[in-house]
Amino acid sequence: MLISLLLLSVLPLSIAHPQIHPQPNPVIDIAPEPTPLSVTSTTRGIKASLTHGAGTKRRANGYTKAKRDSTLKLRHRQKRHSSTTRSLEIRQNDEGLPPSWLLWAGARLDSKYNSGSGGFSAAYAKELTKRADNGDVQLTNHNLDTSYSATLSVGTPSQSLDIVLDTGSSDLWVASGACKAGACTSMTTFDTSQSTSNVNLSSSFSIEYGSGTAAGSLVQDLVTLGGYSVAAQTFASCNQVSTGLLSSGVSGIMGLSWQALAYSKATPWWITLAKSSSWSEPLFAFHLARYRNVAGANPVETDGGVATFGFLDSSLYSGDVTYVSVSGNAQYWQIPMASMTMQGKTVSLGSSNMAAIDTGTTLIGGPEAIITAIYDNIPGSQRMTGSYAPYFAYPCSTNVDFEITFGGFTIKITDQDFNLGRYTSDTTMCTGAAYVQTLSSSSPVQWIVGDAALKNTYTVFRYSPAAVGFANLAGSISSSEAAASTTIPDVSALAASTAATPSGSIGASASSQSNSAKVTSSTGSGSSASNAAQTGSAEAPHVVTAASDNGSSPASETASGSTASATSAKSAGSSTISLPTASIILLGLLGTIVTLW
């Protein structure tokens, strides 16, 4: 269902009214949305062949004429926009995501990375497809590229839950079977009483949002994803989950960032495995499918891409992987941008070039001055106002050519992903994915690079040496071909249920928990365990013991502050290179409190 407009009354002030700079961009004034939108389905769009989101190919007749007609109409409208400011109202039947989604997506970004009083905030963020390699995970695409989930198995015997994979956070939490109200009435929950390996740590866990609360307790249990199991993994089992905190069918969030962001102080599942001998390489990777701008796409698509753990899948990318070292102490997957261009014109980054690579985010968030400069390079662009002020609208007929370079690799972003759709009564204007993100001076990053960019690359997250890698998608089409196949998003059948992201200081109080976990590498569902001394399955090829958590980031999670990049061949030898990302379904509000006691 669509997001209630009641959310508008509790939106954080940090995104509501950023100051609008004088020219060169005029302003679009959007009237308040009076009622929830009634969005109807349309048949407009370009039919496409989809192979793990590698790109779309134009197959619709008459596209060229439609594009030309749209351009002719735009010429007259651009003259009017360039000289006057018009008050434009939201249309009741919108092409693209509901307008309230824009507010939610921005609020999620602000709360996820904005600082609390003590510093930058920590992030909180179908069936398993087995191929030749263990560690291969099929993703589900929700709400036309809004978020990506995978099936997680928890407990003994295992219980399956769909969870968002989020490289912008580090904690794992799921809805508990003890939750009988709110959102839990329409989702799969984890029944701790049915797991013989579950251990209650007697530590309460609470996440308070402007739109509700998720609360419960910390537990330890067997957690399996992609055939790899970690016994005694610490996570939160929430017996209170308010309606609207999670999208339909999703039961929790798995953070895939570094331990420094974990409120539970637990070693994240992926780090335990990366430090063991279970994986052939200490890394994981994402190949995100694209359904935006694909005619006939459903709100939930089970062929949503692929995540691989412990190896690189050479069938998903071409050429070499270019690695860029994680900067400073590993917190987010933070790497420096080398350059940025819009429509072939360089956008100056100055010293504001550190970016978090976040699979749990849809938008591309950055400093106001630089986001404004991006749209200055698109003739006819206009700043939105009111609650939509962090966004810009631009002429829908524009063939966007937006590029971000990390190290020696350039991510090319076209209309397919940059265009969020039409949200005003002026049907020639579309909303862009580059969003004004206001962060405090204590934040380690100035940019958040989400799925609008990451759908255009095979993205690798490497534990040691800590780095983010990029490679071209296998079978991807060129930027010019992608632009030619672009149409305005037809996603009116979207289910607009959303989740929230908490905000707070990374210095939040938390009791130190021991997590002497054991890890199991197997193709089965895992093993049974009892209390804190848990054992792996007899079928497992080997069992290793993870280091105890001490609440601090291990030395191996500290990367060099210098920028480094390298290329790696697709062979197993790539792991020997010596050089030292995922819920966007989260809606956090300013003043959100995360408490762990």
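Backbone N, Cα and C define each Cβ position, glycine as well.
Bear in mind that TrEMBL entries carry predicted annotations, made automatically and left uncurated.
Annotated features, as they stand in TrEMBL:
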type: SIGNAL; residues: 1-16; note: signal peptide
type: ACT_SITE; residues: Asp166; note: active site
type: DISULFID; residues: Cys179-Cys184; note: disulfide bond
type: ACT_SITE; residues: Asp358; note: active site
type: COMPBIAS; residues: 505-538; note: compositional bias 'Low complexity'
type: COMPBIAS; residues: 551-574; note: compositional bias 'Low complexity'
Three-state secondary structure, Cys184 (disulfide bond) (per DSSP): helix
Proximal residue to Asp358 (active site) among recorded positions Asp166, Cys179, Cys184 (C-alpha distance): Asp166
Active-site residues compared (Asp166, Asp358) - the one with the fewest other Cβ atoms within 10 Å: Asp166
Three-class DSSP secondary structure - Asp358 (active site): coil
Alpha-carbon spacing, Asp166 (active site) to Cys184 (disulfide bond), which is rounded to whole Å: 21
DSSP-derived class (H/G/I helix, E/B strand, else coil) of Asp166 (active site): strand
